[in-house]
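**Student:** From TrEMBL, for reference:
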- GLY77, GLU78, SER79, GLY80, ALA81, GLY82, LYS83, THR84: ATP binding site (BINDING)
- 1-604: domain 'Myosin motor' (DOMAIN)
Amino acid sequence: MTDLLVKVFYTHAGCTLVALNPFQPIPDLYSLEVMKEYHCAPQPQEFKPHIFIVAEEAYRNVQGQLEPVNQSLVVSGESGAGKTWTSRCLMKYYATVAASSSVEKSQDTVERIEKRVLDSNPIMEAFGNACTLRNNNSSRFGKYIQLQLDRCQLLVGASVQTYLLEKTRVACQPANERNFHIFYQMMKGATDEQRKEWKMPHGQRFVWLPKAEKHVEEDCFQETIEAMVHLGINKERQRQIFRILAGLLQLGNSSPKVSDLTFNQLLSMLLRVSAEELQMCLRVRTLKAGKQSVLKPCCQAECSMRRDCLAKVIYAHLFEWLVTFINNSICSDQSTWSNFIGVLDVYGFECFQINNLEQLCINYANEKLQQHFVAHYLRAHREISYVSEGLQWSFVKYQDNQSCLDLIEGSPVSVFSLLNEASRLNRASDAKTFRVRLEKELCDNVNISWDKFNKVPHFTVAHYAGKVDYQIQGIVEKNKDPVPPELISLLQQSDDSLLHQIFTDKETDSLTTKGLSKVTVVSKFKNSLESLMKILHATTPHYTRCIKPNPDSAVPSILTKRDLCLSSVRLSCSWRPAGSLRPYTLVLLAFQLGQFFSIFNSSS
């Protein structure tokens with residue numbers, strides 16, 4: 001075992017690349033020279049396992065026009081396993097090799113395109129990532145980045161599709177976690193002139209900015225500014241964006257029920273809205289009674305809820321505007337590209353002490369991707385291990401997770417359908433009533449259960465990765481995602497041209513008279529996920545499973561080949577955040593053990 005103690009971070013498990021997070025920078029592993037080495041190799045598969053092998057295989061599939069020509073690289077794993085970093089490496093690889101053979105006259109154009117594509121990353125991470133208990137740079141949204149290639153396989157553009165931004169984090173941060181990076185970047189990187197413009201003096205504390213004293217690598221305001229400039233966001237637009245964000249921070253410090261003229265004027269200056277109308281919107285409800293409107297004062301809890309709603313809807317729309325702007329900056333005309341390579345970076349399976357609608361949607365997405373992965377893995381392994389060797393093959397039956405998917409999204413009755421039904425009722429939701437409804441309609445599904453001794457209304461879903469308890473309290477309201485129409489009207493009248501633009505008259509078309517969205521959160525998410533799965537099924541998939549070697553995100557004293565092989569076994573087992581192991585299928589486990597002993601013996 002002469003080289004058993006050599007540090008390694010990648011291995012192959014069948015058709016899947018396993019990537020171990022070393023929790024330390026390894027710059028030599030991703031240098032330009034290493035990229036060229038894998039790109040120019042006649043048989044890169046004969047090289048040491050690396051993320052660049054996956055990237056190059058997909059690129060050569062496009063070059064060879066092998067059907068299906070379009071490719072999808074799926075990067076999965078738990079929070080903190082290194083998915084975001086891996087996605088960055090893939091994008092940098094393509095921005096390098098897909099431009100390397102460009103002719104001289106188009107070199108400037110290609111460099112500008114690749115620069116813009118790469119500069120989309122720091123902006124989206126600043127506005128969509130946050131420091132959590134499990135990861136200093138946790139993506140709080142999913143994204144599918146489509147890298148567009150012309151007939152010569154040169155990078156000519158890209159587009160970004162996002163999924164389920166965790167907008168609740170703006171106004172409510174989980175214990176010992178931070179808000180989105182951009183707020184801390186502003187606090188730590190702003191000049192005195194900017195602080196003066198944002199009405200943000202040194203030493204001011206913000207309720208919505210916990211753990212402000214903690215420093216992470218992503219607290220780099222200048223990098224975000226430079227990326228904005230490269231993508232074409234001019235200084236005036238930047239000023240508007242940061243002024244709006246400063247307004248959200250001040251909003252978190254406000255007490256809507258208490259009349260504070262000075263504070264209201266401060267907010268109105270930052271958001272460019274009338275101070276009186278802002279106070280009215282936060283403190284008074286407008287009820288429709290036939291053709292008449294009735295004003296009803298809000299209680300303290302309702303005022304706080306409306307304040308939080310205002311912050312969430314502004315941030316969500318600002319994020320959507322940024323994604324649209326990025327796409328307009330980097331997306332190429334359909335006539336100029338013929339194929340694409342997609343990079344999917346999604347949130348990992350989540351199980352916390354308190355789980356609600358966000359975790360249900362995230363884990364539902366992981367169920368869909370797991371089903372796709374297992375089917376692809378078994379099919380690819382059959383091709384590699386049996387068909388290519390001319391061996392007889394009889395398909396091994398395995399238990400998939402279709403029963404769990406039927407529970408969540410199935411027809412005619414499922415958790416989603418019952419949730420949508422409760423959301424459309426014209427009355428306040430009741431957690432106990434909804435629990436009874438779930439138990440009555442779904443009791444025959446083995447994947448759902450209830451702890452009858454638990455006084456908190458909940459339901460438990462047996463996912464492929466383990467059981468998760470979902471709290472029912474508040475889940476129906478979150479699915480409704482109500483936005484008071486008067487808040488939208490207020491923002492539409494803002495003198496800030498950016499706020500006015502992102503809250504156009506089209507916004508009212510998607511709302512009912514009571515401020516409820518015509519499309520519920522789960523319906524919107526289900527539709528977007530179905531569109532994503534259609535893309536994955538129509539492309540050649542390449543899976544990379546990122547592994548977190550320890551729960552503390554600590555640099556391991558040494559990573560051995562044995563550690564890496566054992567980590568690959570975890571591909572066929574599901575790890576709950578608490579660490580309890582639950583086997584998914586013995587078939588896959590046998591495959592992984594075969595990979596383990598193969599690599600282990602080669603090291604002896």
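For all residues, glycine too, the Cβ spot is worked out from N, Cα and C.
TrEMBL: automatically predicted annotations, no manual curation.
Can you tell me where each of these features sits in this structure?
**Tutor:** Taking a C-beta cut-off of under 8 Å and a sequence gap of six or more, LYS83 (ATP binding site) has these contacts in its own chain: VAL75, SER76, GLY77, SER139, ASP345, VAL346, GLY348, CYS546.
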**Student:** Within its own chain, what residues at least 6 apart in sequence put their Cβ under 8 Å from the Cβ of GLY80 (ATP binding site), listed in sequence order?
**Tutor:** ASN21, ARG134, ASN135, SER138, LYS548, SER553
**Student:** Taking the Cβ of ALA81 (ATP binding site) as the centre, how many other Cβ atoms fall within a 10 Å radius?
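**Tutor:** ALA81 (ATP binding site): 22 neighbouring Cβ atoms within 10 Å.
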**Student:** Quick one: of SER79, THR84, which of the binding-site residues has the smallest count of other CB atoms within 10 A?
**Tutor:** SER79
**Student:** Could you give the mean pLDDT over the domain 'Myosin motor' (1-604), rounded to a whole number?
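**Tutor:** Across the domain 'Myosin motor' (1-604), the average pLDDT comes out at 85.
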**Student:** Fewest other Cβ atoms within 10 Å: which of the binding-site residues GLY77, GLY82 wins that one? Let me know.
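**Tutor:** Sparsest of the binding-site residues GLY77, GLY82 by Cβ contacts within 10 Å: GLY77.
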**Student:** Could you name the residues, excluding GLY77, GLU78, SER79, GLY80, ALA81, GLY82, LYS83, THR84, of the same chain that surround the ATP site, i.e. Cβ within 8 Å of the Cβ centre of those residues, in sequence order?
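**Tutor:** Going along the sequence, the neighbours appear as ASN21, ASN135, GLY348, CYS546, LYS548.
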